[in-house]
């Protein structure tokens, strides 16, 4: 390996958009850390674990430049050669650089928790605020990262995907199921695996791909300390990560790669598990198989079981370590069914960039926060972001009520008895929390055995403070109940989930909830739960929980998610300890389940096309995806009437059989990704000589990244984008462009006929012009290039027409002054400007004592180092946000903000330091947790100020804009002047500008910040 194993640290938090560039080449540098745990690091009072990135490229992308050390970056289609002499020479060079940096800063090397260098040039260390100040002053330090927390995003699918059967992908391209995925190694970063599962048993010997695997495999099998695992020729590698030693304290967990939660076993077996006969809840469900059953697996346990929620979480320092190890170990594909609450270029995203640059395909889940807009996670262009959709088999189960009514829902397992039916709300223990009783919490117990024994209980799914669905049936069983009817309580988009429950269970939609609860409240109510049946259903459809675009990180200029795959009612391996019935298989749903399908398909494709880049593999899947369901109708959305758009499903549902011969691909690499990052305004550190990265490599319009889809977040009038396609075949082809244009937008492809020579590239442009399409609403369509050889290369697009372009922020200083603001309308008529504010902040002060480096965003609570404030935003307010400012505190202070509306986390401010900001999305009441993460040297307690800035819908008399109206001509810029006066010195004022077209509704707006 490329580092020395050392222990590592703690905590998670938020990382800003942090890309890094080495001084010797224009490649984004990443973060990574090594694997297992040993002794604790040297910890000083008031210290915390940070990740320190140094100038210069890591091994994955080093292109040369150091005297007498040639490049280590692999050539296109090749893997990182960890056995070469230059690899070891550059590794030693990086190690010396780390030691020199610590020495210059006067920091004891004993504080260091890890050295690393494969996808990150730097180290992790337990650092005090004074240490941070010293390091930040060194030119060799590119960036310092905090650590943040990440959470997992949790049989018929091979047939549904067209993998099995005589004409399926396995037979056509893989040599049959027994050989599908040979020569590929799939790395799974998750909660571990259960080695005794049939899905992970040893493959038959001899293996045809033995030499191929041996040539690239550099990993190890770390059996662990407790409940150790064994590897074999199926699971050829396993590692586990717990740098601070905190995760191993979790109830029931294993100090090894063994899976306690079940998420990791499920995703790993979905991607590349062996074929196996499975039974769920005592019912046989037939053979289950991973998508690439002959591929090898390498397991990286970086997420750990959380008993309170039934989920699994992991710290960023551990996850980045797993990425680093996976690349060095030689994996071809990484599955990452994990996410966080922030859509930015953080440490994990940067590490994945390095992995992709080294030729590793990354499949990542889109998130489970749908169906709301702009909720998609893992949105970087070097990641393949996967939405979740249904497949064509429904596990149907009925609730038969004693009044003769039958309601169909979902469930799995044998029949339960006919029994009395009661509502959980009528069966609570004395003094139990009312919400916990309705939702049937098991820990602490909420149900009264005297009332529940022998009965079927109606439990609510819940939102606020909700427990895991399987915890509800456990609560019923623990109280002596014999069945459960689980009812949704939100809306039709809330999913119905088939799971292994502790008692026979049927899950019903919200439309059935009131009728069931009303009957259960009547004297003598009874119910029965017959055994489940399987039935065909319309599919695919994007499930409600699947997170949607547009991508916030790109401002809507990169279409995410990329593609959809089965992510509902997926049968795969789990540990028997992870379910109430001790089953080796379970049914799960989530974008977590969709991502490993794409990872497995990527392994199948790379087995046939080992030299294709990760982006070429992604392109092949996206451009051959389909958009109509098994009934010939547009792919829909569960619980919604509208058809799915590219913002819901990306290019559509994956069609594996077509992806092996796409005809053309859209490819890109680290240089283009860096230019894209400059275009979206990512916070890039300077090069080693202090010069600007973006000046060195250039900045592209983000919409121009050579991507298999097209997105324009703000189409003001017209815009032209450029794409380049590469012929993957050995024959020249002539492609004709076909456009699916949405109403009100004209789309012109130039040239409309494209000749592409064998293995060569060709370029075309697409001009989008808004004619009559509604402003501020996304319009979708596609551009398809088709030849006479049967290739149809489809690129979806989404564009959002806007009436004008205008700055989003205006900044000024002084107690009085003026500032010009330029606006460009996209229409003819008039453009108006209206001023609101200026207002001074509402300052809330708390006395915070000590530091809290273990604040859990999933379970927020106050303590001496954490204060909670409630901020109310009135109806009609124009803008609201909360801030802390570093100028209020001595150097070394670190304050974080976590903002909730009800139980929903709506924003995080967690950068290194105390300049934090979270915008409040609308009217309502918000709980703001102010977390003192670190104090300055010598400070044990201090007053911490929260600034609440709420701009109402009136003018305060200290702010104006002139003129109030201009004549608007398409494409002709106009200038307004804002003026302010009479402000109090030493204060931050905020206002708001609204630009309109003369109608009642504003078209664009800008925040105004005046510092006096």
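Note: Cβ is positioned from N, Cα and C throughout, glycine not excepted.
Looking up the ranges 152-183, 184-215, 216-247, 248-279 in TrEMBL, the one annotated as region 'Disordered' turns out to be 248-279.
Taking Cβ pairs closer than 8 Å, the compositional bias 'Basic and acidic residues' (250-262) reaches residues 152, 190-195, 222-229, 238-240, 242, 299, 301, 303-307, 310-312, 574-575, 577-579, 586, 588 in its own chain, all 6 or more past its ends. With a threshold of 8 Å between CB atoms, the same-chain residues lying at least 6 positions outside the region 'Disordered' (248-279) that come near it are 37, 152, 154-155, 157, 177, 181, 184, 186, 188, 190-195, 197-201, 203, 222-229, 234, 238-240, 242, 285-293, 295-297, 299, 301, 303-307, 310-312, 333, 335, 337, 570-575, 577-579, 583-586, 588, 592-593, 595-597, 599-600, 603. A straight line from the CA of residue 190 (active site, charge relay system) to the CA of residue 263 (active site, charge relay system) spans 7 Å. A Cα-Cα distance of 8 Å separates residue 263 (active site, charge relay system) from residue 592 (active site, charge relay system).
Over all protein chains present, the Cβ of residue 190 (active site, charge relay system) has 31 other Cβ atoms lying within 10 Å. The helix, strand and coil residue counts that DSSP assigns across the compositional bias 'Basic and acidic residues' (250-262) are 0 helix, 1 strand, 12 coil. Just so you know, the Cβ of residue 263 (active site, charge relay system) picks up 29 other Cβ atoms within 10 Å once every protein chain is counted.
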